[in-house]
Amino acid sequence: MAARRPGLIALFDVDGTLTAPRKVVTPEMLTFMQELRKVVTVGVVGGSDLIKISEQLGSTVTNDYDYVFSENGLVAHKEGKLIGTQSLKSFLGEEKLKEFINFTLHYIADLDIPIKRGTFIEFRSGMLNVSPIGRNCSQEERDEFEKYDKVHNIRPKMVSVLREKFAHLNLTFSIGGQISFDVFPQGWDKTYCLRYLDGFNEIHFFGDKTYKGGNDHEIYESERTVGHTVTSPDDTVKQCKSLFLEN
């Protein structure tokens with residue numbers, strides 16, 4: 001068996017990269033990741049919290065990968081152990097947080113879209129996730145909203161309003177997944193996790209939303225990473241085989 005390549009890590013987005021959006025990882029992908037882990041250090045970085053990442057990648061996720069960065073790395077695990085956390089509440093303060101949440105809920109209340117469900121704002125330790133349709137919609141409703149959003153630009157328009165209204169808070173708005181966007185302080189995008197990877201001189205990042213405004217863009221563009229755009233989990237496997245397993 002080939003020895004692990006020192007100083008190199010392969011870092012993966014979750015949705016659209018290791019799994020279909022919000023779907024559970026396939027057994028084939030899990031097996032492939034374990035094979036890959038024999039030759040390179042492997043990490044995952046997702047915008048979701050650890051509970052959601054575990055639902056997609058499995059309950060043993062923090063042990064299946066060398067590094068697991070949930071909420072863009074604001075909650076960081078290495079070899080199964082928690083190594084760092086950051087809190088939006090302590091960073092912004094309750095008053096500013098409340099001002100933002102109140103305005104956003106008013107905006108959604110006035111929004112004319114075909115359907116609305118529930119959980120329009122999800123508070124995570126390092127970010128807010130905002131969904132105009134509501135996070136507890138069905139998968140079918142998710143798919144429908146995604147199509148509707150592509151035509152009517154519900155999320156981009158909402159982000160534009162919030163960005164202007166709350167310019168003084170220096171927030172980043174990142175559209176990801178099918179139905180929502182993340183809101184967090186500038187610099188708390190996926191590049192945040194790189195502070196834990198100083199021991200690596202070659203960081204390969206794989207993600208699907210690497211375009212400007214996508215939640216993989218900043219880490220993809222970072223001078224510290226070699227960025228790879230993927231179109232699906234199958235494409236991720238194909239690119240990794242070519243890069244790490246066939247030479």
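Placed from the backbone N, Cα and C atoms, the Cβ positions cover glycine too.
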Residue among Arg142, Arg195 sharing the alpha-D-mannose 1-phosphate site, where Swiss-Prot lists Arg22, Arg124, Arg135, Ser180, Asp182 as binders: Arg142
Listed co-binder of Mg(2+) 1 (same site as Asp13, Asp15, source Swiss-Prot) among Asp208, Asp234, Asp235: Asp208
Cβ-Cβ distance under 8 Å to Arg142 (alpha-D-mannose 1-phosphate binding site), same chain, at least six residues away: Arg22, Ile133, Gln178, Ile179
Fewest-neighbour residue among binding-site residues, criterion Cβ within 10 Å, set Arg124, Arg135: Arg135
Local backbone state of Asp208 (Mg(2+) 1 binding site), from DSSP in three classes: coil
Protein Cβ atoms within 10 Å of Asp15 (Mg(2+) 1 binding site), excluding its own: 25
